[in-house]
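Note sheet for the following structure.
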Amino acid sequence: MTTILTSTFRNLSTTSKWALRSSIRPLSCSSQLHSAPAVQTKSKKTLAKPNMKNIVVVEGVRIPFLLSGTSYKDLMPHDLARAALSGLLHRTNIPKDVVDYIIFGTVIQEVKTSNVAREAALGAGFSDKTPAHTVTMACISSNQAMTTAVGLIASGQCDVVVAGGVELMSDVPIRHSRNMRKMMLDLNKAKTLGQRLSLLSKFRLNFLSPELPAVAEFSTNETMGHSADRLAAAFAVSRMEQDEYALRSHSLAKKAQDEGHLSDIVPFKVPGKDTVTKDNGIRPSSLEQMAKLKPAFIKPYGTVTAANSSFLTDGASAMLIMSEDRALAMGYKPKAYLRDFIYVSQDPKDQLLLGPTYATPKVLEKAGLTMNDIDAFEFHEAFSGQILANFKAMDSDWFAQNYMGRKTKVGSPPLEKFNIWGGSLSLGHPFGATGCRLVMAAANRLRKDGGQYALVAACAAGGQGHAMIVEAYPK
């Protein structure tokens, strides 16, 4: 499928390590568009703002992220969310009645527990006086939960909020067909035998065909994998580059797992099964093995495969967010400040997965920072091709000028600072829970390495995106 982007993106910059070495021309910086100002450097010791509350992450946890169809397959989403909440309670010893509000993100709703935040909170033993609500924003659902918590605290409505997310891909709701649903509802309303027999006479075998959850984008009728394949082609990202990046993610995740850096994980005793203590999707392979896989979406010439895509994952995360004053009054040592954040949206057809490209310069400007000020980058890895396409877009003056209305590029993140403990490709991606994992990875990396600022960014279905600045809490 050829679009205007396919013909124009091939003109992007090649300064990224991952760019192709041929058939790409240099970019011009002479656009006459009315552009947004370039990011300006501001030297700051902290991003604290006068007369505004400092909002901190006290702690964040997640249960192990598992391949769907494995140890969590017989559970319900609220079981996973409850386990994450229980793990947070155990690690922080926060009195349950101190929590003012609970917010969880999720994408595919379990119909029996439409407000999974409330059901999980009750199951974890929180006070029945503590309100809870569930939010959905595709892959940035728990990001939305976190920033909603920030808003509640900043406005003075709350001092202590728990935010998190959950997804159970092992048991997604599968509905009867619409014709079957209509017949069943009508049968329930029928008052006489004659009415029931009349309705049953209209039954057809194809009524029994199930209605699966939508995989394609509603607005474009295109799957995200298909969009990733087109995006990779438009930005001239090769199959080899995608496989190399995926191997990097898995190798770094394995190293982080072995060295104990994934400290946000809390063990989960699965009822009737063993205790789960670590992610099970990390699978360092070889480029030779990865090259044997066939394209998963655009066949036979696509470049997106099972190996360079994130996998269906079950998991949950939870985070304790407080005003700094309240945290210190209760004797906690926070892990990080949650600073500026931004949400963006763009064309879901051709730019579905470019959320980080659009969000990054905006959040940097909001915070008065540049890419050079950032010590740790944590981006959601939906697909290798998505990450590498974002790198190229971020490193392109041409793209900045022609698609973003900016004078200059923001620049691509240096790999030595980027997702160095693995990412969604290797650790897994429970849609509703990934945002909290990203923020905790950023906070923990800053603490370990002595950095000051981290930048978290993610794309999401619908052509949306998010970015946030995380600032280390002084040791």
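Positions of Cβ are set from backbone N, Cα and C atoms, glycine also.
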Matching range for Swiss-Prot feature annotation, intramembrane segment, among 30-77, 174-221, 222-269, 366-413: 174-221
Annotated residue, N6-succinyllysine, per Swiss-Prot; candidates K129, K273, K278: K273
Site from K349, K417 that Swiss-Prot describes as N6-acetyllysine, others unannotated there: K349
Nearest of the recorded positions (C139, K273, K292) to K362 (N6-acetyllysine) - Cα to Cα: C139
For K73 (N6-succinyllysine), the three-state class that DSSP assigns: coil
Cα-nearest neighbour of K299 (N6-acetyllysine) within the listed recorded positions, K189, K349, H429, C459: K349
Cα-to-Cα gap, H429 (site 'Increases nucleophilicity of active site Cys') vs K333 (N6-succinyllysine), nearest whole Å: 29
Which recorded positions sit within 10 Å of C139 (active site, acyl-thioester intermediate) - Cα, from K189, K273, K349, C459: C459
